[in-house]
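Per TrEMBL, the feature region 'Disordered' maps to 1-28. What TrEMBL records for 1-15 is compositional bias 'Polar residues'. TrEMBL lists 96-158 with the feature domain 'ThiC-associated'. Residues annotated as substrate binding site in TrEMBL: 233, 262, 291, 327, 347, 348, 349, 388, 389, 390, 391, 427, 454. For 431, 495, the entry in TrEMBL reads Zn(2+) binding site. Feature annotation from TrEMBL assigns [4Fe-4S] cluster binding site to 575, 578, 583.
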Ligand code: SF4
């Protein structure tokens with residue numbers, strides 16, 4: 001088995017190609033080695049849960065799920081990394097009831113959409129993050145990676161930059177008035193004008209995370225004028241999961257709507273895990289480089305140095321990481337502000353940097369070398385995600401002085417990065433009660449020049465471990481309505497353990513609900529189309545359309561079929577919740593039909609019906625309780 005690129009001592013400037021082949025070897029070897037982990041997961045835990053969904057949804061043939069070894073989804077469902085390598089299976093094929101279509105941009109770019117096909121002959125196109133994995137007949141080879149969609153674009157960008165003297169980042173070009181191909185793609189994807197995209201990027205209110213070395217990604221935008229985005233965290237730890245599991249989670253998360261994925265791996269083979277994820281990811285990938293830098297110095301924060309960190313950033317930049325969390329706002333003088341907190345410093349990156357600052361009694365090297373970092377980010381067009389290392393980890397610590405002191409420093413760093421034409425977003429909390437949420441957005445916008453806010457939840461209460469996807473989605477919906485541009489999902493395993501595949505899906509769907517609710521509240525021009533289509537299908541008892549228009553068709557269908565599995569129930573004018581006699585929607589339809597047949601309006605019909613019932617009541621003697629009549 002080959003050593004990893006990093007442990008083989010390759011220079012941080014080695015090429016992406018070299019890294020790829022190195023890591024390809026590693027995964028080939030590690031697939032065998034981790035076969036037990038992967039296969040066990042697939043054939044026992046994972047397929048048990050996902051397989052049940054597939055089976056109950058009757059979906060194994062069309063959409064497929066899970067692992068080859070589960071023996072399901074024979075036609076489309078699974079793609080393994082190589083023949084016989086079932087450990088590296090990922091889910092492929094369209095989501096049930098829909099298929100991939102493409103819209104053309106003015107210059108011929110093809111923008112993916114997911115077309116939900118309805119039983120009344122209509123269709124609805126929805127935003128799609130799933131990449132080529134959801135084609136009818138996907139041509140996926142995990143070793144080869146996805147097609148390099150943006151391969152020629154950066155060369156053209158360079159030409160644009162040369163003609164305008166602009167710095168060749170999306171921000172630099174936007175400021176120079178250039179509409180890049182990424183912006184053109186995004187405009188069609190969001191259903192807005194390309195000028196709006198360019199203007200929002202130019203003023204720093206939106207970012208396009210798109211490293212030049214990640215050509216496989218489909219351009220997307222994060223900004224308050226656009227659809228609220230969600231991020232899914234994946235990544236193995238020292239004690240759990242394998243590379244194959246993490247690649248599968250990335251594909252799985254984007255299938256259900258994750259707009260970006262953060263690889264937070266901290267265990268062995270960080271480099272290889274990231275390489276496999278990047279080459280196969282249709283969405284931007286974010287990382288926290290300090291995690292890998294810490295691995296390189298044996299896990300001792302006090303041994304970290306600017307040089308070790310810088311080399312790690314360059315290594316990840318070369319691989320194609322699109323945005324990086326940098327906890328440069330954790331300053332030495334802020335650390336004592338956390339002393340009286342209930343939960344101290346809960347951010348991993350924040351606690352690492354606080355430990356370094358205290359051990360050396362020096363200012364953070366992330367802060368003192370920030371301009372050098374900007375130069376690196378500019379070269380690759382990486383977006384800063386300025387980390388909230390001092391975010392509150394409990395309701396008691398929300399909106400305290402430590403949190404807002406760091407936010408002020410993040411504001412200063414935002415302006416420094418923008419001077420280099422480097423894009424910036426700001427990370428936010430955490431744990432915040434509902435009445436303190438809006439204040440976070442107001443301050444962030446004021447201090448950080450309206451840079452896109454990217455928040456983790458926040459959890460609106462601390463009392464529900466195992467349900468923190470819900471406690472946090474409440475805060476997430478509120479903070480998104482107030483202006484947050486991207487929400488980092490929380491899974492049911494938050495605070496308890498590493499999320500598995502099912503947790504990833506639950507987290508993604510939960511956060512799609514929060515994000516979409518905010519889109520509706522903010523009046524995004526197209527947001528309500530899907531709600532209207534689903535409501536209409538519901539009222540017309542088009543059950544299959546109702547399932548297929550939902551965020552999670554498989555679960556919607558399986559819940560319905562739990563009590564009414566027969567096929568005729570898919571057109572029945574009731575469900576098992578109220579039953580046929582008390583179905584209020586059927587009664588409303590009856591009223592409307594009665595009105596139509598008698599040339600009345602619905603209120604007239606209701607009045608006439610009420611009068612008839614009233615007469616009937618009087619004729620029966622006006623008794624509230626009638627004697628029971630035997631059969
Ligand atoms: S039975 Fe009740 S829940 Fe079911 S469709 Fe009718 S009104 Fe809705």
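Just so you know, glycine gets a Cβ as well, placed from its N, Cα and C.
Location within the structure of each feature annotated in TrEMBL.
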residue: 291; record: substrate binding site; DSSP (3 states): helix
residue: 347; record: substrate binding site; DSSP (3 states): coil
residue: 391; record: substrate binding site; DSSP (3 states): coil
residue: 431; record: Zn(2+) binding site; DSSP (3 states): strand
residue: 454; record: substrate binding site; DSSP (3 states): strand
residue: 495; record: Zn(2+) binding site; DSSP (3 states): coil
residue: 575; record: [4Fe-4S] cluster binding site; DSSP (3 states): coil
residue: 583; record: [4Fe-4S] cluster binding site; DSSP (3 states): coil
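Only 575, 578, 583, of the binding-site residues 347, 391, 575, 578, 583, place a Cβ under 6 Å from an atom of ligand 1. Looking at residue 578 ([4Fe-4S] cluster binding site) and residue 233 (substrate binding site), their Cα atoms lie 39 Å from each other. For the [4Fe-4S] cluster site, the Cβ centre of 575, 578, 583 serves as reference, and the other residues of the chain with Cβ at most 8 Å from it are 574, 576, 577, 579, 580, 582, 584, 585, 586. Rounded to a whole value, the Cα-Cα separation of residue 454 (substrate binding site) and residue 431 (Zn(2+) binding site) is 14 Å. There are 26 other CB atoms within 10 A of the CB of residue 391 (substrate binding site), with all protein chains counted. Long-range Cβ proximity for residue 431 (Zn(2+) binding site), meaning a same-chain Cβ under 8 A and a gap of 6 or more residues, is found for 392, 393, 394, 395, 397, 398, 457, 458, 459, 462.
Rounded to a whole value, the Cα-Cα separation of residue 391 (substrate binding site) and residue 495 (Zn(2+) binding site) is 15 Å. Of all residue pairs in 233, 262, 291, 327, 347, 348, 349, 388, 389, 390, 391, 427, 454, the annotated binders of substrate, the farthest apart have Cα atoms separated by 20 Å. With residue 583 ([4Fe-4S] cluster binding site) as the anchor, the candidate binding-site residues are 233, 291, 347, 349, and the one with the nearest CA is 233. Within 10 Å of its Cβ, the residue among the binding-site residues 575, 578, 583 with the fewest other Cβ atoms is 578. Separating the Cα atoms of residue 495 (Zn(2+) binding site) and residue 291 (substrate binding site) is a whole-number distance of 19 Å.
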